[in-house]
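J.: Starting off with a structure, shown below.
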Amino acid sequence: MTKERTFIAIKPDGVQRGYVSEIIGRFEKKGFKLVGLKQLIPSKDLAQNHYGVHRERPFFGDLVDFISSGPVVAMVWEGEGVILSARKLIGATKPLEAEPGTIRGDLAIDIGRNIIHGSDGEDTAKFEIDLWFNEEELCEWYTSDSKWRSEN
């Protein structure tokens, strides 16, 4: 397994409901390293670019309106297998199908208010990280316990 980066965003419903620290804590407890963090209210342009793959879908406008309706906590996490692990931590897109113990399984009810976004692959992660962050906003740093997290 290789060290990789992924983009995670706590959506306006997750921020408004006070889940920021709990969600960050779940990623830290898993052993991933936070290398980028900021809170912003996304512009319509940013939201449209982020969800561009859904542009032709009937829910696109509502999705853009929602994600730009309030503060989003945008993050970049780093670690071995972080993309797949993050998807497992987050749970199924439809909260009622998400397993207990996942973020959506524990905290969300409605697909339109499912609290969190996570990149679904390496190409998507790179695109989303580059869209939301400038290179100078990402911190290269080393944890003092990194030798206890993995063999490599």
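Residue numbering: from 1, along the chain as shown.
Any Cβ shown, glycine's included, is placed from N, Cα and C.
Feature table excerpt (Swiss-Prot):
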type: BINDING; residues: Lys11, Phe59, Arg87, Thr93, Arg104, Asn114; note: ATP binding site
type: ACT_SITE; residues: His117; note: active site, pros-phosphohistidine intermediate
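Burial and contacts for the listed features, if you can.
T.: Cβ neighbours of Phe59 (ATP binding site) (same chain, under 8 Å, six or more residues apart in sequence): Gly112.
In sequence order, Phe7, Ile8, Ala9, Lys11 constitute the residues six or more apart from His117 (active site, pros-phosphohistidine intermediate) in its chain with CB-CB distances below 8 Å.
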J.: Please list residues from the chain of Asn114 (ATP binding site) whose Cβ is under 8 angstroms from its Cβ, counting only those at least six apart in sequence.
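T.: Counting only residues 6 or more apart in sequence, the Cβ neighbours of Asn114 (ATP binding site) under 8 Å are Lys11, Asp13, Thr93, Lys94, Pro95, Arg104, Ala108.
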J.: I'd like to know which of these binding-site residues, Lys11, Arg87, Thr93, Arg104, is least surrounded, judged by other CB atoms within 10 A.
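T.: Least crowded of the binding-site residues Lys11, Arg87, Thr93, Arg104, by Cβ count within 10 Å, is Thr93.
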J.: Reduced to three states, what secondary structure does DSSP give Arg87 (ATP binding site)?
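T.: In three-state terms, Arg87 (ATP binding site) counts as helix.
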J.: Where the record says Lys11, Phe59, Arg87, Thr93, Arg104, Asn114 bind ATP, what is the longest distance in Å from one Cα to another among those residues?
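T.: Spelled out: the longest distance between any two Cα atoms in Lys11, Phe59, Arg87, Thr93, Arg104, Asn114 is 22 Å.
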